[in-house]
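Trainee: Once you've had a glance at the structure underneath, I'll fire off some questions.
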């Protein structure tokens, strides 16, 4: 009989793999060994030097439950600032210490342990379980989960539903399930005027004035009032610069960067179109030209409340005694890629210490998460 790994101990072992993006650090090798010993078919899916792991138990094409997570971590900073070395996986007084303890080697370990326990039971379940684990979530994200999903599609692999194991709970285990995320886009806006002497503004065209007018229009009123499942969209000016050290010179150019986190009342295209139209109107009046470039991290998405959401929420409620809030708050995650393939939710640990010096997680919380994942699998395939 295949032994079921202790998810807390597996978390500590994964932490000892120094997998700072883009280095794999041995974490995916360890995970493949653990899953392979339990009968999972494992494939390394590396693209452009980015390491990823696909693992499936059960027949291709069967009803399939998926899990998406990452083993890469952010840099630890100065190791001397840590109580215990950041890649020690130190275990003491019920805590596991190290970079990735919260985000999110613990989530990966919890699901791996839950899945191994589930698929090795007697009789074996009727269905398939997939783990799609990337080494590029904390970095650019272009060749991580995207590459896994492309690889799966090319080979006829699919997931019918998926959980992303990001730390979803703000303060207490079981208080929140992410059923969607806002979209995110960044716009670089450059205003081109005519340089001149500050004493003779009629001989110049001040790009700062035109740019400030555009920024005022964009920030003077909210983009919306929110929707049924989303808070109001937010637009933030994150950079304003003209690179001009002289107080008596009107600069030729001025630049701003804005970031928009938008709900399902908008698309990136509709927001981009609105901003360009406002810039064009100001340009026509001021004769200052605008050049705008747009980078879209992801569109907003929602997994509407229904059978899958109800199943996960019911298990969380039974295990924790809390009625989880169905939320779309926070930043982006790799769920923005998965949502194009199947319904996706995010549920994981409490995110108190993620990305901090002395990142750590209670060992019992990791074991509780594994129990929740195991019960979700059992309920899904019942």
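Cβ atoms are placed via backbone N, Cα and C, with glycine included.
So Swiss-Prot lists the following for this protein:
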type	residues	note
BINDING	70, 103, 166	Zn(2+) 1 binding site
ACT_SITE	72	active site
BINDING	103, 138, 355	Zn(2+) 2 binding site
ACT_SITE	137	active site, proton acceptor
Trainee: As a test of the contact definition, list every same-chain residue at least 6 positions from residue 70 (Zn(2+) 1 binding site) whose Cβ is closer than 8 Å to its Cβ.
Mentor: 104, 108, 133, 134, 135, 136, 137, 138, 144, 145, 334
Trainee: What subset of the recorded positions 72, 103, 166 lies within 10 angstroms of residue 355 (Zn(2+) 2 binding site) at the C-alpha level?
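Mentor: Those close enough are 103.
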Trainee: Would you count the other C-beta atoms found within 10 angstroms of the C-beta of residue 355 (Zn(2+) 2 binding site) for me?
Mentor: 16
Trainee: Round to the nearest Å and give the CA-to-CA distance linking residue 166 (Zn(2+) 1 binding site) with residue 72 (active site).
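Mentor: Counting only the Cα atoms, the answer is 13 Å.
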Trainee: Could you tell me the C-alpha distance between residue 72 (active site) and residue 103 (Zn(2+) 1 binding site) in angstrom, no decimals?
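Mentor: Residue 103 (Zn(2+) 1 binding site) has its Cα 9 Å from the Cα of residue 72 (active site).
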Trainee: Which residues of the same chain, at least 6 positions away in sequence, have a Cβ lying under 8 Å from the Cβ of residue 103 (Zn(2+) 1 binding site)?
Mentor: 73, 74, 166, 167, 351, 354, 355, 359
